[in-house]
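K.L.:
Feature annotation from TrEMBL assigns region 'Disordered' to 1-60. According to TrEMBL, the feature compositional bias 'Polar residues' maps to 34-59. The annotation transmembrane segment is assigned in TrEMBL to 82-99, 111-131, 162-183, 248-266, 278-300, 320-344, 356-378, 414-436, 456-475, 487-508, 528-549, 569-591. Per TrEMBL, Na(+) binding site is recorded for Val93, Asn97, Ser331, Leu430, Ser434. The disulfide bond annotation in TrEMBL covers Cys195-Cys203.
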Amino acid sequence: MATSNPAFENDEPVLTSDRTSHTATKPSLAAVTAKSSAKVNQFQQPPEQTTGGNTSRTSALPEMNLMKNIHKVQRDKWGKDIEFLLSCIALSVGLGNVWRFPFTALENGGGAFVIPYLIVLLLVGRPIYYLEMLISQFSSRGCINVYDASPAMRGIGVGQTYSTFIVMTYYASLMAVTMRYLIASFGDPLPWSECNEAWNATCIDSRLITNMAENSTATAVSSAELYFVKDVLKEASTIHDGIGTPDWRLVLCLLVPWTCICLTLIKGIKSSGKVAYFLAIFPYVVMLVLLIRACTLEGAADGMLYFIKPQWDRILEAKVWYAAVTQVFFSLTICFGNVMMYSSYNRFHNNVYRDVTIVSIMDTLTSMLAGLIVFGVIGHLAHVLEAPDIKHVVRGGAGLAFITYPDAIAKFTFWPQFFAIAFFLMLFVLGIGSNVGMATTIMTVIRDRFPQLQPALVAVGIAIVGYGIGIIYTTPGGQYVLDFLDFYGASFVALVLAVFEMFTFAWIYGVSRICRDIEFMLGIKTGLYWRICWGFITPTLLAAILLYHIATYETFTFNGYVYPDGMYAFGWCIFAAGVLQLPAWAIYTFLKRKEPDWRDRLLHCFKPTHDWGPEDPELNAKYHESVYKHEQSLPRDRSLVRRMFDNVFS
């Protein structure tokens, strides 16, 4: 049997069960059930009817009872709550911590970056992380369907999925580089530990601990850096003439991560949960060993001090705060849809408050641990080279994890091959954990839209497309393209959409409604910290940083290299393709509506769909009844200021 509400006949169809509907006790319920042979799905709060100056919703409560008869295809669930937690740790604790955090800190003043990062984490990162977990667990919807809470804003989820796909492709290419190093780690001596005459550069063996800078007549470079640039990447000095031909070794290595990702996707979410035990725990064992080794290197203390000591004159720089925000996005993997996807597979009453606390603490500690290791090695390199400034002894970007870490391992006097294999296996595991999460997000979006597709078919399709695009990053100009897409297709797009995401849930859906949803789902009250962050601090900070970044925008460069004009035009097209999803889907949603009056049509574009709420039909009916009772209790003559106050604090 199907139910229908003409005002919402353009909602997505929802299959109903064969159970007999509850007996109608009111005429309005009978009227509604009489129409139940029409196509389903049209349950949302109906337009308000005004009689004698008083507003009432005459048909909302009866229609709520029909929600008990709605049957939806149940989503897969995690085998255990701990598997969800470990999967979130594996997703968030990855290359964003070990690769991106140290070089971002390096480029933004070391300790001057850590303080803004921690502030942004507290006022932006944790509130968004908690919000994304809550809203998806509550509704059992992925990163696009979760915007059933406000259908006009669905483009946010589409744009975030677009950014996730871009990040997924270049993350896999970094895994290919990692695999290349992992294979090379079996060599004796390690190939990056000694200089090669073919490099034709002033080189210092990375395995040496003695100071050789005094014998140099030119700027010396470590063999670890030259190995990465000359042997692994074969990096070009310019891409004005094209990005070059893919390196066959990296192309073959790229097969390994995509094979692992594909097999995990085929097995489903429960398989991801089992793999998470290894993906989340193993990296910490290796990182602790590397930290102990880094602390024994001469000059390491200076590097670590540079990392934790703030440079107060740089804290007020807007670009440092922008870097902190984007790093929080990448580190916690928020505003990309991944967290929403994972939490949508939770059981309804899972304690996500506990999970948010654990993951955010683990993520921060991992970033700090990785920073100490990297800066300890950089401090040692500065000591060896007698460099006046720590940040000048090594290049940043993606190469940092493939230069400073290998350089530290090359100095091991006992069994360096073992530590090299352990490190690159750890890096590979970290990257796979994050990449599986991103690929699962893409797969969830596809299967939510086309549930008839077989999981294996979707998984193989994602792997083939991702592998084909990833070959671009294996060319001599691949790193230029990687950094370029990271800026225009990921960081910038994520920040813009994050502002609208917060506005949607805080002020369209409503902070107070989120808090009532939390109480309905978990039975706990929401504290003042979360309410103020969601309602005011987080959206304000995001908007201010975005506006200042736009106002002070400078041409993007790669290690000082200015791209061809055509590349910048291409970059803005990539950016627009992500951001313009929002207005495009808003217009589409408006045109889909069937209400005769455009004002009613616009109003209902921003109201939750008829089946919004818990996945279970019984819980959904109780939820809609509670929403109805709450709305009936609200006074109709509230001022705008009073409405804003109630939205956050009621």
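Any Cβ shown, glycine's included, is placed from N, Cα and C.
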K.L.:
Cα distance, Cys195 (disulfide bond) to Ser331 (Na(+) binding site), nearest Å?
P.N.:
35
K.L.:
Take the mean position of the Cβ atoms of Val93, Asn97, Ser331, Leu430, Ser434, the recorded Na(+) site. Which other residues of that chain put their Cβ within 8 Å of it?
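P.N.:
Neighbours found: Leu91, Ser92, Gly94, Leu95, Gly96, Val98, Thr333, Asp363, Thr366, Gly433.
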K.L.:
Would you say the transmembrane segment (528-549) and the transmembrane segment (320-344) are touching, if the rule is that at least three C-beta pairs must lie under 8 angstroms and be 6 or more residues apart?
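P.N.:
These two segments touch.
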K.L.:
For the transmembrane segment (456-475), which partner among 111-131, 162-183, 356-378, 569-591 gives the most CB pairs under 8 Å?
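P.N.:
Result: 162-183.
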K.L.:
Looking only at Cβ atoms, how many others are within 10 Å of the one on Asn97 (Na(+) binding site)?
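P.N.:
Within a 10 Å radius of the Cβ of Asn97 (Na(+) binding site) lie 28 other Cβ atoms.
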K.L.:
Relative to the Cα of Cys203 (disulfide bond), which of the binding-site residues Val93, Asn97, Leu430, Ser434 have a Cα no more than 10 Å away?
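P.N.:
Neighbours among binding-site residues: none.
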K.L.:
Same chain, outside the transmembrane segment (278-300) by at least 6, Cβ under 8 Å from its Cβ: which residues?
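P.N.:
Distant Cβ neighbours of the transmembrane segment (278-300) are 86-87, 89-90, 93, 98, 209, 366, 369-370, 372-373, 376-377, 379-384, 405, 408-409, 411-412, 419, 422-423, 425-426, 429-430, 432-433, 436.
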K.L.:
What's the number of neighbouring CB atoms sitting within 10 A of the CB on Ser434 (Na(+) binding site)?
P.N.:
26
K.L.:
Cβ under 8 Å to the transmembrane segment (111-131), counting only same-chain residues 6 or more beyond its ends: which ones?
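P.N.:
Contacts of the transmembrane segment (111-131) (Cβ under 8 Å, skipping residues fewer than 6 from its ends): 104-105, 306-315, 320-321, 323-325, 327-328, 331-332, 334-335, 339, 352-353, 356, 359-360, 364, 367-368, 371, 498, 501-502, 505, 514, 530, 533-534, 537-538, 541-542.
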K.L.:
Short question: which residues 6 or more past the ends of the transmembrane segment (487-508) have a Cβ under 8 Å from it?
P.N.:
128, 131, 135, 147, 149-150, 153, 156, 159-160, 162-163, 166-167, 322, 325-326, 329-330, 334-336, 514, 534-535, 538-539, 542-543, 545-546, 549, 556, 571-572, 574-575, 578-579, 582, 606, 647
K.L.:
Do the transmembrane segment (248-266) and the transmembrane segment (162-183) share at least 3 Cβ pairs closer than 8 Å, excluding pairs fewer than 6 residues apart in sequence?
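P.N.:
Yes, these stretches are in contact.
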K.L.:
Please report the distance from the Cα of Cys195 (disulfide bond) to the Cα of Leu430 (Na(+) binding site), rounded to the nearest angstrom.
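P.N.:
Spelling it out, the Cα of Cys195 (disulfide bond) and the Cα of Leu430 (Na(+) binding site) are 29 Å apart.
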K.L.:
Do any residues, 6 or more residues outside the transmembrane segment (162-183), come within under 8 Å Cβ-to-Cβ of it, and if so which ones?
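P.N.:
For the transmembrane segment (162-183), the sequence-distant neighbours (Cβ-Cβ under 8 Å, at least 6 residues beyond its ends) are 95, 99, 232-233, 249-251, 253-254, 256-258, 261, 336-338, 398, 402, 406, 420-421, 424-425, 427-428, 431-432, 434-435, 438-439, 441-442, 466-467, 469-470, 473-474, 478, 482, 485-486, 489-490, 493-494, 497, 574, 577-578, 581.
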K.L.:
Around Leu430 (Na(+) binding site), how many other C-beta atoms are within 10 angstroms of its C-beta?
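P.N.:
So the number of other Cβ atoms within 10 Å of Leu430 (Na(+) binding site) is 29.
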K.L.:
Only counting partners 6 or more residues apart, tell me which same-chain residues put their Cβ under 8 Å from the Cβ of Val93 (Na(+) binding site).
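P.N.:
Ala280, Pro283, Met362, Asp363, Thr366, Leu430, Gly433 - these are the non-local Cβ neighbours of Val93 (Na(+) binding site), listed in sequence order.
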K.L.:
Including all protein chains displayed, how many Cβ atoms other than that of Cys195 (disulfide bond) lie within 10 Å of its Cβ?
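P.N.:
For Cys195 (disulfide bond), the count of other Cβ atoms within 10 Å is 20.
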